[in-house]
Amino acid sequence: MSYESHAVLVALVGVILGFGSADSAHEANSNITTVTCLRGDKVQLYKHSHKFEEVQCRHSVRGNVRATDKECGRDGGRIYQIGYPVSRTEWITLISTCYVPAEGRTLYTRHTLYGEEIKYASKAKYRPAWSPSGQYENITASIAYQQVYQKGTLSRILGSSILANNFINNNSFFAKGHLSPHADFILASAQFSTYFYINAAPQWQKINGANWKSIESTVRNLGKFYGTLEIITGTHGILALFDKQNNPHDIYLGQRNTLPVPKYLWKIVLNKATQEAIVFIILNNPFIEAVNDEVFCENICEQVGFDKTSWKDPSSGLVFCCTIAEFQKVVKTAPKLDVSGVLVQQSLLWEPSLLNVV
């Protein structure tokens, strides 16, 4: 790996840094240490030059969750932070979440995407178990996401085991849909710190693995072009499914109306350097047929360069794009943003005549 000078690496907290072989390693017994890039593969640590690969962490850092007193998103939301305790008074935040603890519902998350560096992201295949940290004890997400439990839950809500079997089977079930995704982070330790239930929402697997994954990839590609971006990802509404009498029922995976399944998931991409932004919204219902009434803003996807045929397929998750102004008229739980314009797909910057967004 080669970095030019001026870049600065900050070692993650809760580790002991060392360099050299096991027999000659020197250790920095502190929770945080600055490693400065020099040239090529050389870095500076405590006034000494070393090869980048010689700087090693003795222990893997683990993310944690802490609650704050800050309210958010209406509806009883409260800011919870996923990050790392450096000391009794210092904390490094990786992801901020607006979470409603009594309902087990995350309204939105915020994180930073370092787009220019994403090509250096860890390719570690290990996936940690999901953590319930930050959740109330009555929110049993680890059980609620099990397919057997999902089938029983839908059978109870819809009053039909046959309907439940149609919705929940080997090819159709609710997955833990990342809000701030694993692949948006560079270090393996940061990637592993995304596996908290407060950073997820129930999402149909056939949507999670299709158009939601496509949106996430699109966002990272925007980051590669624009650089550092702020990403805000959230949920809106509650999914309703119909019983045999064609009556709608709101779907909750948990008991006593907890862990609601969102009707929509959305992702704001904000370029803070220009204050331009766009919102991608996905309909979390692969079974719906009439979709026109579900698009709650003027769909500008094609106008700003995101013309993807697959995004028009409801079975993979219908995707549409909104301006921030139109989006905020509908989704009142999203954070208020003051933007200067619409963030467009990079190819349109070379063909401005194609751009027609007010």
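Glycine too: its Cβ is placed from the backbone N, Cα and C atoms.
Taken straight from TrEMBL:
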type: SIGNAL; residues: 1-22; note: signal peptide
type: DOMAIN; residues: 91-327; note: domain 'DNA/RNA non-specific endonuclease/pyrophosphatase/phosphodiesterase'
type: ACT_SITE; residues: His178; note: active site, proton acceptor
type: BINDING; residues: Asn208; note: Mg(2+) binding site
Secondary structure at the residue listed as 'Mg(2+) binding site' (DSSP, helix/strand/coil)?
helix
PLDDT averaged over the residues of the domain 'DNA/RNA non-specific endonuclease/pyrophosphatase/phosphodiesterase' (91-327):
97
